[in-house]
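These notes concern the structure reproduced below.
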Amino acid sequence: MARLCAFLMVLPVLSYWPTCSLGCDLPQTHNLRNKRALTLLVKMRRLSPLSCLKDRKDFGFPQEKVGAQQIQEAQAIPVLSELTQQVLNIFTSKDSSAAWNATLLDSFCNEVHQQLNDLKACVMQQVGVQESPLTQEDSLLAVRKYFHRITVYLREKKHSPCAWEVVRAEVWRALSSSVNLLARLSKEE
């Protein structure tokens, strides 16, 4: 219930968030794709989170790298692109297809893939922007390690239904953080 309430609070941010003030031109449909992806993740839920309490785990979301106030615009887009790529990797794995409704999973992956294409195009527009390579690499590494922990967790739990439910909720949180970061960067400009 708490996650549903949090989701409903994020929807207005998604609806009004301008996408063209980040130093690149994200299409106007990008925020709609974010909204649809988050909605699909909610619909994908197969188990009550209460039934999986024993399986919960803190994956150590790198909030200081993805959601921190000090993250720079030029650094944000590559980091968000990496985060989106990692989400796609998890949900397009062979083990993922057995865990979810095929129609919802395909729709979710299509939305995430389109977001990734938007972000990659944005990264290409920023090629001339110089950001401290060490800072950016540190953030990218933090995102990769975070998703590695999620992948290891799924393997250790043998891709159980509860493990997938925990991961679904965690990915919802990660995508919500990315939405909030983009909204914050848009407001700063």
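Positions of Cβ are set from backbone N, Cα and C atoms, glycine also.
The disulfide bond recorded by Swiss-Prot for CYS24 joins it to CYS122 [selected from CYS109, CYS122]. Recorded disulfide link (Swiss-Prot): CYS52 to CYS162, out of the candidates CYS109, CYS162. Ranked by Cα separation from ASN101 (N-linked glycosylation site), the disulfide-bonded residues CYS52, CYS122, CYS162 are led by CYS162. Mapped onto three states, the DSSP output places CYS24 (disulfide bond) in coil. If you take the Cα of CYS52 (disulfide bond) and the Cα of CYS24 (disulfide bond), they are about 41 angstrom apart, rounded to a whole number.
Taking the Cα atom of each, CYS24 (disulfide bond) and CYS162 (disulfide bond) are about 39 angstrom apart. A simple way to gauge crowding: the CB of CYS122 (disulfide bond) has 22 other CB atoms within 10 angstroms, across all the protein chains here.
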